[in-house]
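Colleague: Below you will find the structure I want to go over with you.
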Amino acid sequence: MPKRTDIKKIMVIGSGPIIIGQAAEFDYAGTQACLALKEEGYEVVLVNSNPATIMTDKEIADHVYIEPITLEFVSRILRKERPDALLPTLGGQTGLNMAMELSESGILDELNVELLGTKLSAIDQAEDRDLFKQLMEELEQPIPESEIVNTVEQAVAFAKRIGYPIIVRPAFTLGGTGGGMCDTEEELRQIAENGLKLSPVTQCLIEKSIAGFKEIEYEVMRDSADNAIVVCNMENFDPVGIHTGDSIVFAPSQTLSDYEYQMLRDASLKIIRALKIEGGCNVQLALDPHSFNYYVIEVNPRVSRSSALASKATGYPIAKLAAKIAVGLTLDEMKNPVTGTTYAEFEPALDYVVSKIPRWPFDKFEKGARELGTQMKATGEVMAIGRNIEESLLKAVRSLEIGAYHNELAELSHVSDLELTKKMVHAQDDRLFYLSEAIRRGYSIEELQSLTKIDLFFLDKLLHIIEIETALESHVDNVAVLKEAKQNGFSDRKIAALWGQTEQAIADFRRANQIVPVYKMVDTCAAEFESHTPYFYSTYEVENESNVSKKPSVLVLGSGPIRIGQGVEFDYATVHSVKAIQAAGYEAIIMNSNPETVSTDFSVSDKLYFEPLTLEDVMNVIDLENPIGVIVQFGGQTAINLAEPLTKQGVKILGTTIEDLDRAENRDLFEQALQELAIPQPPGDTATSAEEAVVIADRIGYPVLVRPSYVLGGRAMEIVENQKDLEDYMRHAVKASPEHPVLVDSYLLGQECEVDAICDGETVLIPGIMEHIERAGVHSGDSMAVYPPQYLSQEIQATIADYTKKLALGLNCVGMMNIQFVIHENRVYVIEVNPRASRTVPFLSKITGIPMAQVATKAILGEKLTDLGYQDGLYPESKQVHVKAPVFSFTKLQKVDTYLGPEMKSTGEVMGSDYYLEKALYKAFEASGLHLPSYGAVLFTIADETKEEALEIAKRFSAIGYSLVATEGTADFLAKHQLPVKKVTKISNPEGETVLDVIRNGNAQVVISTMDKNRSSANQDGFSIRREAVEHGIPLFTSLDTANAILKVLESRAFTTEAI
């Protein structure tokens, strides 16, 4: 059926900020969909609150609204734009839930807006646990025995009837939020209570556990003519019981017989047809390893994390085609853009193995609960492609950037057998490494299979890797064994360790013996038809399919997996850099390992290498392509860390040179540069031991900020108040040494702000100054940022601009740089300089209209800023006020303290813009999911040193009609100042109503909790209070500056009511 002509204007809903369970895959899907609709001639309106995405760039849609995805704001935009139709299936769970809410509010009927893609009834049938169960019964598709419950007691009664273990799955939540596996009644009560609270419809499905079955996924597409195909099927390495987003996954499936494959394929197609979904859909199934019995676990009636993986694994652009299906096109009418000859109804075939490994944030949250279950915890993922499982898996392991170049972690050699067994049975994020260690110790794969229920086939592949290790050890310098190791994904570094040689020696020996990788094309059809996609992976075979062009090329290094501290902002900068390289007439080549992002869409660059970002893998591409140089400024710390080793290999780094990068990162050189430029910085020094740190701190005075050198996202950074805490930090948080010194700085309390600048060696363009709402001490990525500055005097702004210019020219910066300042007692100090793109680039680019990464790339390639139409100094400010607010994923990460400090904890960001600061703040809070009631109770639990300041805030809350509740010390203090306050007891002293009861019973609408600097039981109480607030979805502020910002909003919305 040809595309519809009765609709002209379509609204697309994005997925909002990046959180665990909903990451960059929706930026990729949404960008593809908007462009596909524009290609077909429709007018596109986009609503998304996330400024860090390519999707919210002006050119992606005809009308781009960076506004909160809430009923209030989306309704307003619908009334203003009057679209004919709405496409919600590309905005993840956020988009689906918003569509349901809009429909229930009646506005879609009122404005006559049609829902495209998937009907509401289908969303309901797939998402509402009860309706889904009924549909499966009608289709005679088996589902685990289960019951829908609305209370904890109903859940307990069902469990008593069918026995434990059982699984709790809340309705309409994302990434398994609030769900979990229960072995006892006590666990069930706790998880069911939490799950019912987090489900927007207070409904959970309690089902018999089928943990241990094989977990299989099918990614399917259907059109309005009822054509349906399987794009890709995938098999989880981990059996049922671990969320698929936290599982290692292989595509295509590896252990299914043809009969099993066809049986599950038929079931998946039957389901998508019954739901009448038009577009993409993901079906998850559980297969009994000992029979042909299977169960349908769940269906996602939308584009998902798995469809991004399936798109990158096959090259088949699911989101693009789903958008076109939504407007009436059919699979047999659309060409597959990969081959350009076959039609989209042709099922992709793979002649390689794809593996995906999740990337977890536990390097940031050492105290976080690492056990994996049905609730997702990974922030991102990596993908690798190889000719066999071993090669694919080992390439994925080294893509993770966790310091592992092979499936082993050195520290596991000290673990006892008992501990090893425990960690394999109760899976954590590092189970793969424990399994490998067990095989090295001589456990049989049959033993491991009975402990973990992982298929013998996969365990045998791990065994094969370890057999090759043994062969390498006993055959040093043997070319045949070396070749076998390389064909199975071994890194030069691992072989070097086994042969007692250097990595360079192995690389030289390998090249001397003609053992070099070739690059194969990802073509969706297993080479059955000719195809010309510029999308490649490496393998050790004979024929190379990547032809080097005559045109000079530039290699851009991507930023790898999404993790805390290095998010989608860096992918945004990478994509823009590529556009500028192409515009300058060069061939742009991207290397990256993240399947979720826009940068790894093969249509973005001239050539895409889907490879790990390690020195060996990058050098292999450089050896083949011979680019004029490499750009490292846009790939975060991942790319910057490769600058020095690449330079040593004779590779040209474009932009700021490695010597100048080092002057910004190396403490002594940086101090020297600042002294020469006469720019002040907080007093401090470098310590190579704990004793030295104490001496420095005594000299400059407490509090001090301590951190290791060369970090991103403030890893292991702390503010320390006294000598005992400093010794404690030096012992536990860092291993100081002459090679890895620790920086000890005087901690200056003051207003913090930051600047992004672009320099071409002569002119310094400063797009804007961003002022942080939280004082120095909260990581810049976790602070709310305001542009243009609201409280900085013209004089201070001039000083900041002057220092920025001096630094950019003094450090010979070419390209981007980011500088953070603190204003202490009316003096400007430099805290740090990052000679690369920072996470604020997309935010500032959107509001100033300067495509910063493109302009910086042009400067890197030798163009002058004045020729591009830019002047020296600060760019004129915009009329509106823009607020960038962080978004956290604490509900998914148990046992993590939500207190904000110098170590970054947020996973995403939103933006609020308006002509008044208060309105922009309101939008930012709304967009970040903090919905503020206009009345209710505020719970205060305040550390002694901030009580005076908190008093002012309490007075203002009281003045606009809030009641005050506080823990003992705080309540006495407020009462002494004549404020009406209700006192509650501490946790450690449970007489009467405790502070936790107040939160649990819904008697606090806002919680303000500051941390006592001298760590005692007060802090343990504080931790419990903060966790309780997060788990009950109550707005929590750990900084009085943020509370002050909230008050501004509430006061601006409050009216005075007084009797005459």
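Using the three backbone atoms N, Cα and C, a Cβ is placed for every residue, glycine included.
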Colleague: Swiss-Prot has Arg707, Ser746, Leu748, Glu752, Gly777, Val778, His779, Ser780, Glu832 down as binding ATP 2; which of Gln790, Gln820 does it also list for that site?
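Modeller: So, going by the record in Swiss-Prot, that would be Gln820.
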Colleague: What's the number of neighbouring CB atoms sitting within 10 A of the CB on Glu832 (Mn(2+) 3 binding site)?
Modeller: 17
Colleague: How big is the Cα-to-Cα gap, in Å, between Asn300 (Mn(2+) 2 binding site) and Arg129 (ATP 1 binding site)?
Modeller: 12
Colleague: Please tell me which one of the binding-site residues listed here (Arg707, Leu748, Gly777, Gln820) sits closest to Arg129 (ATP 1 binding site), measuring Cα to Cα?
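Modeller: That would be Gly777, nearest by Cα distance.
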Colleague: Among the binding-site residues listed here (Glu298, Leu748, Gly777, His779, Glu832), which has the Cα closest to the Cα of Lys208 (ATP 1 binding site)?
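Modeller: Closest recorded candidate to Lys208 (ATP 1 binding site) by Cα: Glu298.
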Colleague: Looking only at C-alpha atoms, tell me how far Leu748 (ATP 2 binding site) is from Glu215 (ATP 1 binding site), rounded to the nearest Å.
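Modeller: One finds 53 Å between the Cα atoms of these residues.
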Colleague: Provide the number of Cβ atoms within 10 Å of the Cβ of Ile242 (ATP 1 binding site), excluding the reference atom itself.
Modeller: 25
Colleague: I'd like to know which of these binding-site residues, Arg129, Lys208, Arg707, His779, is least surrounded, judged by other CB atoms within 10 A.
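Modeller: So among Arg129, Lys208, Arg707, His779, the binding-site residues given, the one with the fewest Cβ atoms within 10 Å is Lys208.
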Colleague: How big is the gap, in Å, between the Cα of Glu298 (Mn(2+) 1 binding site) and that of Glu215 (ATP 1 binding site), rounded to a whole number?
Modeller: 11
Colleague: Sorry to bug you, but what's the C-alpha spacing from Glu832 (Mn(2+) 3 binding site) to Gln284 (ATP 1 binding site), rounded to the closest Å?
Modeller: 47
